[in-house]
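Worksheet: one structure, shown below.
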Amino acid sequence: MQETPISTRRSREDEKHDANNHLEMVSTHTPPSEPEKQQLAPATSRGPVVHEKMNAKLFMTLVCMSFLWIGSQIPLFLFGSVLPLIYQDVGGVDRYVWFIIGYLIPNAALCPFVGALSDLFGRQKVAIVGQVALIIGPIITATANTMNIAIAGQVFSGIGAGLNELIALAGTAEVVPIKDRGKYVGLVVFTILPFCPSVLWAQLIAEASNWRYNGILVGVWNLLGLLLCVFFYKDPSRLTDEYTARHVLREVDYVGGVLSTVGITLFMMGLQWGASQYEWGSPHNVVPLVIGLIFIIAFFIWEFYAKHPMVPRALFSKAKQTMIVILLITFLSGGNYFVLLLFWPTQIYNVYGDDPIGIGLRSLPIGFGIIGGAVICLVLIPITKGHIRELMIFFTALMTATTGAVCVARPDNLSTVYPLITFASIGVGGVIIPCSIIAQIACPDELIATVTAITLSIRYIGGAIGFAVYSNLFYRKVEDHLSTMLAKNTIAAQAIVNPLSEEGRDLIGIITSLMGSARFEEVKQILATSPQVLQRDAFPIILRASQEAFALAYRWPYWISIAFGGVCFIAAFFVGNIRGLLTAHTAHPV
């Protein structure tokens, strides 16, 4: 790639000094093209110190990036793994889905603004704020006595994750050659390997003490990350006499941020309220849904005409078709990612039993499969010399087919489901992380952080929409199947509870509701003490009927995931190969 005017401004004395010390100060605001120079601020001369060779400072910086990456993931991984235990303890089974969405929306909303914040304050200070939020959030969640407070804690965690996931990935990608970005980012991503069994760790912690102690693990990890940020990660503000805070603030797309965040939030509220808290078609459901759609449409219209849009037009100047298709795949694959990450652990609990070790072991294919698929695809990008079309076709096909096939899961065929869930995880991993790296390769250097933010944001938005749709249908199907298979065909038909008295019929409804909330101990207590119970040793029969009802309901999220994955598969045929973009050029040379 040709040297930019910015790099030629340095004096010979500076160059000599840099050569002697093997260090180089490189701008992060190289204009993408001559026509756009008038629209961009004068380039800055400040930026992170980058190194030609591996040394202690560089190594500790990468360690810090690893802590930021892992710390941004584990609040969702660990707390999401014990959701049934959380709503058993604090209640709120009718709104627990907001425990997840409350994490995803602020995460997605903040990502596009991390670049501007980094320019104003430097990545180090932004990362420190993110780490503080990732310490406060788990504390709030772990000490909550109601679901609403637990959700508030997840909002704080989502804010921190939105800041630091981007900094970790973009910060790593900026300092390595383009042809090696996949390898280096893959190595940073791979450091999450100890947390691949996060469901097992969360369940063991809950079994040994309480689900709340997972918050200690998250908080301590992010405290260590905070210390690493303070002492080992140096990244100054990009501001100079030419590139001022006023210029940065003037280019922030405030309107786009408000329209997108409000639109997605209202859309989610309408979609989710219609699932569990209010009747579908009621004002509580329709009004926020319609207003949210209006805001989302307004966002796209605004982005088309905005002077400084959230998605810069220069983003598509290098490989337009590939960039558009990769962003589409990123958005839709979020639906497949979250159906595995969030539904499978609860499915294990509700269909295969509540043994903590069993739940943890049955979830191992998710963590290791996703990370394994990501690493495999990232390594194959340079090996295949940028033939990403073929890679995306293969991994999207694998993701779609095997994720949909998990719908066959029943209480008696776990051995059949294990290979399916493993290959589904590999397929998902081979799509979600590599898409971010491909987008970084296909964009201008000065927009690496921007495109990373966009890919993370739309992946979480796609995942949140998918999760809301899945949980909406799942909740309704669970009610239907429990009412038929458990209440009518089992408890009443087999006279486990007296179905002829009004008190008995009320008790059947209570037991059905408790089984739907996985509150097994309360059901056992009712069976042991209620005078309306005719068979006091019938809990295994009730549990089996409940598991079969849940198994039927869990089919629907996997069926719907085929639609998300199917579009990804079709879109993969339109991805352009990036062989010509894999050069030794470095945005910020190491």
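Cβ coordinates are placed from backbone N, Cα and C, and glycine is handled just like the others.
Per TrEMBL, the feature region 'Disordered' maps to 1-46. For 10-21, the entry in TrEMBL reads compositional bias 'Basic and acidic residues'. Per TrEMBL, transmembrane segment is recorded for 58-83, 95-114, 126-144, 150-172, 184-205, 254-274, 286-305, 325-344, 364-384, 391-411, 417-439, 451-475 (among others). Taken from TrEMBL, the feature domain 'Major facilitator superfamily (MFS) profile' covers 59-505.
Within its own chain, the transmembrane segment (286-305) has Cβ neighbours under 8 Å at 253, 255-256, 259-260, 262-271, 273-274, 311, counting only residues six or more beyond its boundaries. With Cβ pairs under 8 Å as the measure, the transmembrane segment (417-439) is packed most heavily against 364-384, out of 95-114, 254-274, 364-384, 391-411. Outside the transmembrane segment (95-114) by six or more residues, the chain places 75-76, 79-80, 83, 86-87, 126, 147-148, 150-152, 154-155, 157-159, 161-163, 165-167, 252-253, 256-257, 260-261, 264-265, 268, 272, 275-277, 310, 338, 342, 449-450, 453-454, 456-458, 460-461, 463-464, 467-468, 471 with a CB less than 8 A from a CB of the stretch. Long-range contacts of the transmembrane segment (254-274) within the same chain: residues 97-98, 101, 105, 108-109, 112-113, 280-282, 284-296, 298-299, 302-303, 306, 309-310, 461, 464-465, 468-469, 471-472, each at least 6 residues beyond the stretch ends and with a Cβ under 8 Å from a Cβ of the stretch. Highest Cβ contact count with the transmembrane segment (364-384) among the listed stretches 58-83, 126-144, 150-172, 184-205 falls to 184-205 (criterion: pairs under 8 Å).
By the count of Cβ pairs under 8 Å, the stretch nearest in packing to the transmembrane segment (150-172) among 58-83, 126-144, 184-205, 391-411, 451-475 is 126-144. In this chain, the transmembrane segment (184-205) lies apart from the transmembrane segment (451-475): fewer than three C-beta pairs between them fall below 8 angstroms, excluding pairs fewer than 6 positions apart.
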